[in-house]
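Everything on this sheet refers to the single structure shown next.
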Amino acid sequence: MAGKAVKSVAKAVGEYQYPWREKLTKYKDELSKGVWGYWELGAWKPLGISARHRARLRKEVLLAGGDWEYDPERKEMKTKRKGHKVDRLAAEKRERTAELMEAMPQTLADYRKRKWERKMKAEDDAAKKALQEDKNAVLHTYSNGFSGFAAHLPEEEAKQIAQKPGVVSVFPDPLLKLLTTRSWDFLKLQTSSGFDYSSTLSSHVDSSFAGAGATIGIVDSGIWPESESFNDAGMGPIPSSWKGICMEGKKFSSSNCNRKLVGARYYKPIDSPRDEDGHGTHVASTAAGRPVSGASYYGLANGTVQGGSPGSRIAMYRVCGPDGCFGSAILKGIDDAIHDEVDVISMSLGYLRRGPDFTRNPIAIGAFHAVERGIIVVCAAGNSGPSSATVDNFAPWILTVASTTIDRDFEADIVLGGNKVIKVCIQKEFSETLLHIKYGMLIFINPIYKRVASQGFGINFSNLKKAPVYPLTNGSSAKSDDKQVSEDDARNCVPGSLDGNKVKGKILVCETKFGAYRALETFKSQDAVGLILIDIIPRQDPPKFGTSPVSVVTSEDDAAEILSYIKSNSKPVATIRPTVTPINYKPAPVVALFSSRGPTFGVQNVLKPDITAPGDAILAAWRANDTAEALPGREPPIFNIISGTSMSCPHVSGRAATVKSLHPTWSPSAIKSAIMTTAIQTNNLHAPITTENGSRATPYDIGAGVISLSGPSQPGLVFVYETETKEYIQFLCNLGYDTSKIKMIAADLPNNFSCPDNSDFDSISNMNYPSIAISNLTKNGIKTVYRTVTNVGEDESTYTVVVEAPPGVEVEVVPNKLKFTKDVKKLKFQVSFKMTAASEEHLFGSITWANEKYKVRSPFVVIGA
């Protein structure tokens, strides 16, 4: 439709002939002061053009970015890279468009630098002014990992760009979402018990300067720089190699940066690096926050809070605003992070689109270029669990992080009749719920997951002193006498369905067939002292209820017991105790209910997620002006408790930075491999980690396992890519991408590149990855994959293979021993899988290389045909 604008992204490569000669000729008669012209036969031919047209043309040249050359045969000017003018008069309505190009043009020749730039300074200034006046047209320019610009273009113009010679991609600018103390102590305990590393836990695990020398780029919602988590006391000077900047913005000055927070950027339409959400601050402090003693959420979870790499420096790239996170801003954030030379990029963001189409995924595209330049990229797996095939950010060049609980709990017990205690806590039987309200006494009961026997939970700071117990009733018992009110309405506490005199001063029990918030409305209007919701929707975060006596229950058995107690007693009573935070809860860790699961949708031969880390009810720094989180009469909290793979992701980012600081020459794939192959698979009961419903966790739930603190720093050996870019490009070939589609992701392809003829889906399994996934294996069929390992441990070391194979699958590893010497650092082995019985199940196992000191484990999955 003419004039209709769409958000689109275009990527261009190759030679493109710009009609500058024709355009310049058009203005030959418009003589005016100033100098404009073109190259002809090696000489500059001046043209007189009006200031208005001169500024506009100069703007177009800047956008095109071309290094002009003269073609004596055609007598026309050429640019080495393709572009498209941005005409702000083309449509009244414009939205975001980004144009990515294969490579930025070469720098100007010396002559042009000396003479051309002097002559054109006035035109540059005019062009910049024009760009400023047209600031809604051009949003971002890219010049590091990838090249081009983001701008507003109407739909028709975006379509025209897509048809130009050399344009390889035009796609909408997607709007992405954020994926939303004790955890490090818990990981330390798990590390010492999960592997026999207790004697080798080195100082970098506890040191407040762990990760010194590394910089983590956080691509998120901004940062609250005044938080004590970002103080720079005792930190050395910022390395001279750091190329980042501290952008000033609304309520944010350059003085807000320091030796800890070394960089801060933001992207249109955002106006400041300052966090207006809290998410980015929480993530940054989890990744690299300095130790802060006495941290708590109004006294809960009290202790010392710190990040996984407290000695690392932080650079914040604010790409998320109130409406979400635009893909063009994410690309710009990654582009700047590459320029600034961060060591780790942490993104707690989700693309949330199923399928293996990476060509429109800004996270996958940006991450590819970052990894090419030696930066490890860590991303959240998503919060769409517990359903299968929901894992996000599954490109193999990304380290994908799932989420688990820790051994700290939040408990707010219910007492029936003065003596019957119902234990109400987050992890009672592996589940959690969410509701953000701050009024009254609230309890959730969730009967839908029969095997999820959690008693529920809630955070409240109540102080019940008027009476030891309170009258208890439910919606059915408090039904209004109005004949138009149905039993169903009353049972679910629909507004107007209850008799206020039967509710006032009591704890009210409601079902939620018509929605929890309708019951809450009734609860707040009827002067009840508390509310128990029998809810059917599992949630993510611990609900916070302020000073009201509140608890959340998610057990069907508890729901039945409470309703039975009301029915069988003429004067039922109950109370709710304030929340406390017991530690050393067992079993832990448990897979968080919200954590997204494998297999990867459409790409089953890549096993994701890669790793898991704490992400459930995590305490970390928060923006200090969040009055919505404040208790009545209290200042807003400076630390907050939230959940999500957004929280598990920075745990891994922090450890990756520590590993990078200890091994600065390691590649992103080496760091990823070290983290994955030393992961932990057991809980604090020394039993296999379980899911939210009590079943044994699989690699689809936890990847290689829970991250170890010391293991990645001394892993013995790691799986590495011999030529990383070629491995990833071959992966795209095996997915069925042709050269044109691959160029949408990988700009630096050779001109004559084409995918090998033998590229196919099964070959994905041969990617030199730290895990293995085999699909479509028939009965008695055999598939063999190949791996190369590199020793980074002692020169003289021998490893013997140990295979854990599931029933129905035979696994053979050749050779079964790997012997490294001073001169032999890399060795190859092959793994053959045979399905002995027909099955369409997903079967899991592992291959472990072990010696007397180290265990290096790789999980695998075999999928029958």
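Even glycines carry a Cβ here, placed using N, Cα and C.
Because TrEMBL annotations are produced automatically, they should be read as predictions rather than curated entries.
Under the three-state DSSP scheme, D220 (active site, charge relay system) falls in the strand class. Of all Cβ atoms in the protein chains displayed, 29 besides its own lie within 10 Å of the Cβ of D220 (active site, charge relay system). Per TrEMBL, active site, charge relay system is recorded for D220 (among others).
What TrEMBL lists as active site, charge relay system is H279 (among others). There are 25 other CB atoms within 10 A of the CB of H279 (active site, charge relay system), with all protein chains counted.
Here TrEMBL flags S646 (among others) as active site, charge relay system.
Confidence over the domain 'Inhibitor I9' (112-178), given as mean pLDDT on the 0 to 100 scale, stands at 55. Annotated domain 'Inhibitor I9' per TrEMBL: 112-178, in sequence order.
Look at TrEMBL and you will find 211-691 tagged as domain 'Peptidase S8/S53'.
For 766-862, the entry in TrEMBL reads domain 'Subtilisin-like protease fibronectin type-III'.
Other C-beta atoms found within 10 angstroms of the C-beta of S646 (active site, charge relay system) number 30, with every protein chain shown included. The CA atom of S646 (active site, charge relay system) is located 8 Å away from the CA atom of H279 (active site, charge relay system). Distance from the CA of D220 (active site, charge relay system) to the CA of H279 (active site, charge relay system) is 7 Å. DSSP labels the residues of the domain 'Subtilisin-like protease fibronectin type-III' (766-862) in these numbers: 1 helix, 62 strand, 34 coil.
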